[in-house]
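Right, one structure below, let's go through it.
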């Protein structure tokens with residue numbers, strides 16, 4: 001008897017298949033006895049699941065460093081042994097997703113899931129930082145379509161909003177679904193989303209972090225390699 005499709009069943013999209021394609025290829029880059037930074041988000045979760053399969057099938061000794069409560073749960077389910085940042089001397093490779101990738105500079109905007117602070121700590125700490133994305137995430141100019149998230153200390157949110165308004169931006173406090181009020185990060189902070197012109201990713205990253213009360217922002221100026229899923233193949237972009 002054929003299964004009746006329910007209204008809330010998720011139907012795979014072209015984007016989903018491209019994400020899975022890059023996730024599978026990224027999982028092959030991990031070698032035995034590596035410590036791996038585990039990013040957060042839909043593409044990173046696929047990578048975590050594929051890495052878990054390799055660990056089981058090939059009996060690999062690999063440890064993961066999660067960047068969020070969500071990635072911790074996905075990794076635990078996938079059978080990846082986990083350690084904290086202070087337990088590992090170094091991270092061999094970090095694999096993460098992105099909301100936008102600039103074609104020319106490989107700078108990124110991350111943080112759609114509100115995990116960018118922990119992601120940046122782990123990603124920047126790694127010997128090699130690899131980003132996974134489908135071709136729809138590629139842009140010519142960073143920040144034209146996606147706002148930059150700022151994780152802010154609640155005590156300072158109003159002064160940060162005023163500072164951003166004086167910079168001729170339109171900041172918005174991120175609110176969640178399922179509850180009233182602002183989104184609260186794993187670190188207990190709020191998120192302000194702001195559209196801002198980004199001519200130099202590194203300068204913008206530093207400038208936003210210099211605003212008192214901003215813990216971290218979603219501009220990532222450092223990235224070693226990007227795996228882009230296209231309909232024909234996985235393209236590898238390097239700096």
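Here the Cβ of each residue, glycine as well, is placed from N, Cα and C on the backbone.
For the substrate site that Swiss-Prot gives as 40, 41, 42, 43, 96, 97, 98, 99, 110, 111, 112, 113, the extra residue drawn from 21, 24, 137 is 137.
Cβ contacts within 10 Å of residue 98 (substrate binding site), excluding its own Cβ and spanning all protein chains shown: 28. Across 40, 41, 42, 43, 96, 97, 98, 99, 110, 111, 112, 113, 137, which the record gives as binding substrate, the greatest C-alpha separation is 16 Å. Within 10 Å of the C-beta atom of residue 40 (substrate binding site) sit 29 other C-beta atoms, taking all shown protein chains into account.
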